């Protein structure tokens, strides 16, 4: 997830990113941002659309992770309609891990 | 939510009763081993040893695998489980069948008790196979992993039917062939058909998933499937119609072993490219279990050419207590805490701070379980090789410790109460 400072919703996106740091993949113990699971968070009026993926299709923890994203955003954006668009295009890959995510997984 | 199906975990009653029952069966198995240690120095066809082997194969191995498979089929097939009700039927029939069969073997009641037990096991295998077939039938994509799950389910059904026929044959003899020769075919259909192929398929999905590794060498799995099935099929057909002969058995073993090598090469490829560098104790359990499988296969020429049944018993011990038990002891804590965690916390995630799945069990107990498991396997094998009942009994005492730690840890997970971390 990249946030451009010229984006009119950059402040909201930073707030969303901050909230999503608290959503942990229960198996990998790394948050969804550093895992690179969140592709985009789009703001449109009262709607927030999260485009995200999972580390594997039909991930056994998939429901817990998407629920976590939904709950975390509802907490910081009360009253907004949150929609999660799950995609496997592009599929998640190791290159999507942030530097912090790689460190947390024990990678150099 | 987009229309991509990320699947709903099957209801807990399709999974957890299997884990709970298998845990008790494992503990009972270790007690049986302790009290019947002397039987491991006798011929393998004796009532108490038959009871021990069926407790291991059905009450422990098959029971826990059924539970795990009901949870993992949706992951492998990327679709929901076909029928949780059939999964529940599977548990009732398997539990009742195992109970009847173990009592019948232990006391050698060759009549309705043994035949009813066998019939229930066949019904359970049928129910499981229906769920496998219909869940995989609606799979989006073809995969070799799915193929392994289907072929293993078919081999289980075949093994169970052969076992039932053997149970009938004990009371109302009708086989024109030797009962013991058919028993060998039944045992190997179960080991190389059901356990090996199920473990090959499921581990080829799970090990890369747990290690965050990948292998592009999918063809290795296809070769593994072909070799394993060809070797087993030739062995069964040849063994039934022409009788088991040493020279030809070695050819079939080489075929199955080639299939195992292809599978392990695939796993090694995924292991080398893994993102997750830390190898946890559960993966170490899996590694030791593979060593036991390798040792058992290397032992086959010795069983074929050497006299006495000690090597056959060592072979069985390596497979049931080393390989199958090892992989289950490790994989239980890679699956069960997540299943239970999902039931308690998936709706709370992101709302409040919740414990992690690994906090649902004791990692210290798993470490001790691993150490004691290695000691128990080594001592059990040593006791069988030197024909020393006292060593086998000491090993069995350690097995009781391993199973007790496992029971405590599994119950800790199963009886977990929802809590919020403050």
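Note that Cβ sites are derived from N, Cα and C of the backbone, with glycine treated the same way.
TrEMBL lists transmembrane segment for one of the ranges B:220-243, B:340-363, namely B:220-243. By number of Cβ pairs under 8 Å, the transmembrane segment (B:312-330) is matched best by B:47-69 from the list B:14-35, B:47-69, B:147-172, B:220-243, B:249-267. Proximity of distant same-chain residues to the transmembrane segment (B:220-243), defined by a Cβ-Cβ separation under 8 Å and at least 6 residues beyond the stretch ends, is recorded for 144-145, 147-148, 151, 155, 177, 181-182, 184-185, 188-189, 192-193, 196-197, 200, 204, 249, 251-260, 262-263, 265-266, 269. With Cβ pairs under 8 Å as the measure, the transmembrane segment (B:372-392) is packed most heavily against B:287-306, out of B:14-35, B:47-69, B:81-106, B:249-267, B:287-306. Below 8 angstroms of C-beta separation, residues 48, 51-52, 55-56, 59-61, 63-64, 66-68, 70-71, 81, 84, 87-88, 91, 95, 98, 325, 328, 332, 336, 339-340, 392-393, 396-397, 399-400, 402-404, 406-407, 410-411, 414 of the same chain, each at least six residues beyond the ends of the transmembrane segment (B:14-35), sit close to that stretch. Residues 15-19, 21-23, 25-26, 28-29, 32-33, 36, 39-40, 87, 90-91, 94-95, 97-98, 101-102, 105-108, 121, 124, 128, 132, 149, 156, 190, 194-195, 198, 202, 313, 316, 320-321, 324-325, 328, 331-332, 335 of the same chain lie 6+ residues outside the transmembrane segment (B:47-69) yet bring a C-beta within less than 8 angstroms of a C-beta in it.
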